[in-house]
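Heads up: the structure comes next, in C-alpha cells.
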Amino acid sequence: MSKNLVQFMIEEQRQIPGASDDLTGLIGDIVTACKQIAHSVNKGALIGVLGSAGSENVQGETQKKLDVITNELFIKANEWGGHLAAMASEEMDDIYPIPAQYPKGRYLLTFDPLDGSSNIDVNISVGTIFSILRCPAGSIHPTAEDFLQPGTEQVCAGYALYGPSTMLVLTTGHGVNGFTLNNDIGEFILTHPNMTIPVDTQEFAINMSNQRFWEAPVQRYVDECVKGKSPGGREKNFNMRWVASMVAEVHRILSRGGIFMYPFDTKEAGKAGKLRLLYEANPMSFIVEQAGGMSSTGRGSIMELKPTGLHQRVPVILGSRNEVERVVGYHKEA
Ligand code: AHM
Ligand code: MG
C-alpha cells in the first residue's frame, strides 16, 4: 500500500534516536494548512479570492487577497497544537507568539504562506515555504531575536507546490522526499522518495531583466551560458527558464537539475537581492543541500549566515553542484 506523509514521518522518527513525536505532530498541522491553501488556490475566482487585498506587507509589497487569507490559514492550523512557541511570516511585520489559551511548544515556525503570489491571478504555479527551528532553551516569551538562527540550525524545511498536482517536499536532515496530494482521499502520498539533484545541468533560471544591475561574476556566468557552444561560451548549450515562483523553480531543479539565481543586484539601494533569508533562502537551501545540490550567496554559504533581521534579504544561487561551484569560483576570482 502507498505510504502517506504521516506514516512516513512516524516511521522515520522511529529510526532517529531521540526524535520526538512533537515534530511529527507539528508537520501534521503544517500539512493541514497546505491542504487548506491548496483548496483556496485551486478554487480561485469561484470563491472570490483572486486580486489585491489593498494592503502592503512589511516589505512594502502590495498584498494579494490570497497572501492575507493563506497567512491566516497557516496561523490557525498551527497555533493550537502545542508544538510551537511562536511563528514568523513574510506577511507579518512582527513575530506571532502563540496565544495564551493554547499550550506552548518548543519549536519556532517561519513561513511564506504563498510564495510567487504575483502569479496567482494568471493561474501559474505558486507555493508555500516553511522552516522549523528550535526555540532557545529558557525563552518563555519568544522574541524576534530567538528566530535569528543560522539555517544550519533548521530542524525541518519544506515546501508545498500548488501546480498541476499539489506536492509537498520535505527534509528533516535525512534526505528529501516528495509527496503528492491525492484529492480523492485528502492525503499526501509518498511518490518521490529520496529526491536528488544531478550535479551537472544545462538549464539556468534568472530574471534577465535585472541584468544591468548584477555584479561582474554573475554577468560572466550568464553571458557564457547564453553563448553556449559559440566562441567565448561553454562546452555545452544552455536552456533558460523563469517562472517567477521560487517553489516551482526549486521543484524543477529537484526533478531534473538546474541552477537558480536571484543574485545580489544594485536595483534598489540597501536591498541585497530580493529573497528573504529566514523563510525563503534558508529552507530552500536546506532542501537543495539535502538533495546533493549546493546553495550560496556567491560569496559564502547561505545557511551559515547569522541573520540580523526577521525579513532580511539575501542573494541566492542554488541548484546543481558543479554550476553553483562555478559561479562561486567566479566570485572568488573577481
Ligand atoms: P514573493 O514572496 O513576494 O512572492 O517574492 C518571491 C518571488 C519568488 O518566488 C521568485 O523567485 C521571485 O519573487 C520573482 O521575482 P521577480 O518578479 O523579480 O522575477
Ligand atoms: Mg516569498
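Glycine residues also receive a Cβ, built from the backbone N, Cα and C atoms like all the rest.
Among Asn4, Asn42, Asn194, Asn207, only Asn207 appears in TrEMBL as part of the substrate site alongside Asp115, Gly116, Ser117, Ser118, Lys274. Of the listed candidates (Glu280, Glu289, Glu304, Glu323), TrEMBL assigns Glu280 to the same Mg(2+) 2 site as Asp112, Asp115.
TrEMBL lists Asp112, Leu114 as binding Mg(2+) 1, and of Glu90, Glu91 the one it places in that same site is Glu90.
The binding-site residues shown are Ser118, Asn207, Lys274, Glu280; of these, the one with its CA atom nearest the CA of Asp112 (Mg(2+) 1 binding site) is Glu280. Note: the Cα of Ser117 (substrate binding site) and the Cα of Glu280 (Mg(2+) 2 binding site) are spaced 13 Å from each other. Listed in sequence order, the binding-site residues among Leu114, Asp115, Gly116, Ser117 whose CB lies under 6 angstroms from an atom of ligand 1 come out as Asp115, Gly116, Ser117. Within the set of binding-site residues Leu114, Gly116, Ser117, Ser118, Asn207, Lys274, no residue has a CB atom less than 6 Å from any atom of ligand 2. Using Glu90 (Mg(2+) 1 binding site) as the reference Cα, a 10 A cut-off selects Glu280 from the binding-site residues Asn207, Lys274, Glu280. The 10 Å shell around the Cβ of Asp115 (Mg(2+) 2 binding site) contains 27 further Cβ atoms across the protein chains shown.
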